[in-house]
Amino acid sequence: MKKLIYIIVGIAGILGALSRYYLGLTIHEFWHHTFPLATLLINLAGCFLLAWLTTYIAKRNLLPSDVITGIGTGFIGSFTTFSTFSVETVQLINYSEWSIAFLYVSCSILGGLIMSGLGYTLGDFLLKKHLTEGDHL
């Protein structure tokens, strides 16, 4: 049964990568500026989702642990992209787009922490709500 985790993570990884690719294409349809908005929004969404998943879904045991691992490591891990963030930042610097690079790095780091905090806060709030209503973990 433990070999199933590799399949779950692999399938979730495929779905996360495809979701990132198509969402990126969709954002690029509407955003035609130098600032890499698609990567930023995708990474911020991933920060929120991973924090919420690990704070609420995992602690409530709403899904089997293998599925949670698949979503967190596979889907969210392939949906978000640190390497694209890094390469886009280096490209902005190479093109002397210093202010955009600084804004991008700042928004990515601060925004990622804020979105993780919001995901954690929402998950914690929902967890406490269910516990006060007499639900069990």
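Placement of Cβ uses the backbone N, Cα and C atoms for every residue, glycine included.
Since we're looking at a predicted model, the values are computed, not measured.
Listed features, source Swiss-Prot:
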BINDING   G77, T80  Na(+) binding site
TRANSMEM  4-24  transmembrane segment
TRANSMEM  37-57  transmembrane segment
TRANSMEM  67-87  transmembrane segment
TRANSMEM  100-120  transmembrane segment
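For the transmembrane segment (37-57), same-chain residues at least 6 beyond its ends with a Cβ under 8 Å from one of its own Cβ atoms are 20, 23-24, 27-28, 31, 63, 68, 71-72, 76, 79-82, 84-85, 88, 104, 107-108, 111-113, 115-120, 122-124, 126-127. For the transmembrane segment (67-87), the list of distant contacts is 5, 8-17, 19-20, 36, 39-40, 42-43, 45-47, 49-50, 53-54, 57-58, 104, 108: same-chain residues at least six beyond its ends, Cβ to Cβ under 8 Å. If you draw a 10 Å sphere around the CB of T80 (Na(+) binding site), it holds 21 other CB atoms from the protein chains shown.
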